[in-house]
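Below is one structure, written out as structure tokens; comments come after it.
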Amino acid sequence: LAVLSWTLYGIGVCLVLTRTISRLITLRSPKKLQMDDWFMVFLVVPFTGTVICANAASLVYRTSDTEYSILVQGLRMRFALEILHIATNWLVKGCLLILYWRIFPASTNKKQRRYFTYTAACCLISYLAIHVLLPVWCHPVTQYWTPTPYNIQCTTYQNHSIVTLALNTLTTIALFLLPIPYIPTPRTLLLLALFFLGALGSVAGVLGRYYVIHDPSSSKYLPWYIAETTTLIAYANMPFLSSLLSSSSKARYRYISQTTLGHWPRSYKD
């Protein structure tokens with residue numbers, strides 16, 4: 001798990017760094033970075049915490065005769081993992097929503113605007129619902145890191161995972177479908193890459209929650225948690241890579257990157 005998780009973490013951080021460099025090249029000043037850019041930079045913090053907690057929580061599943069103090073610490077990390085994993089994923093969604101709000105043309109009709117508003121509201125309500133219900137499934141919350149809790153949900157996280165799976169899948173698919181009408185049709189490679197990453201992220205998210213629900217005593221879900229987040233980060237950063245490619249490549253390759261990976265517009269005026 002350590003090698004895989006830190007490798008995926010490295011990929012995710014490199015993508016964030018690449019996006020930031022691309023935006024700086026395009027905007028020519030850090031002061032011109034926009035809110036979605038800062039969202040992407042900030043989410044590195046909970047993403048780092050997610051990987052650290054995943055590796056620490058894996059100790060709980062390795063042996064049955066773990067020392068009590070180590071077991072409690074591992075269970076605390078397991079609880080923190082849920083909070084940080086969800087926070088990172090929803091920060092990516094928030095980043096995408098801000099981006100979509102900027103790139104949608106001013107001529108967008110009311111129906112399409114309404115769909116955007118509903119999607120944004122759904123993301124916010126889903127995030128709040130997951131966190132409100134987390135202590136409801138296991139009360140008091142301290143039972144989550146008690147080795148012998150009164151409620152089995154404090155150990156299995158099954159009810160929490162069922163709700164999170166439903167809401168996460170719903171909001172993820174809605175966000176993946178939202179920008180498709182606004183991606184220029186010649187950008188075939190970009191469109192295919194986004195479809196692939198969207199499908200991969202959805203599958204990783206479903207598998208992560210499936211293993212928690214189906215086999216809560218196993219650590220099989222941990223790699224899928226990290227894979228889902230890394231894929232979402234890749235999806236959110238993919239459209240910005242062409243600016244960096246275009247500025248650092250020869251004319252022929254620059255033309256190819258612009259016609260296949262061209263970035264989304266940065267505002268209504270683009």
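Please read every residue number as a count from 1 along the shown chain.
For all residues, glycine too, the Cβ spot is worked out from N, Cα and C.
Listed in TrEMBL for this protein:
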- 6-26: transmembrane segment (TRANSMEM)
- 19-246: domain 'Rhodopsin' (DOMAIN)
- 38-63: transmembrane segment (TRANSMEM)
- 83-103: transmembrane segment (TRANSMEM)
- 115-137: transmembrane segment (TRANSMEM)
- 157-178: transmembrane segment (TRANSMEM)
- 190-212: transmembrane segment (TRANSMEM)
- 224-245: transmembrane segment (TRANSMEM)
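Counting same-chain residues at least six beyond the ends of the transmembrane segment (83-103), those with a Cβ under 8 angstroms from any Cβ of the stretch are 34-36, 39-40, 42-43, 46-47, 49-50, 53, 116, 119-120, 123, 127, 130-131, 164, 168, 171-172, 175, 178-179, 182, 205, 225, 228-229, 232-233, 235-236, 264-268, 270. Against the transmembrane segment (115-137), stretch 157-178 shows more Cβ pairs under 8 Å than any other of 6-26, 38-63, 157-178, 190-212, 224-245. Comparison of 6-26, 190-212, 224-245 by number of C-beta pairs under 8 angstroms to the transmembrane segment (38-63) places 6-26 first. On the 0 to 100 pLDDT scale, the model's mean across the domain 'Rhodopsin' (19-246) is 86.
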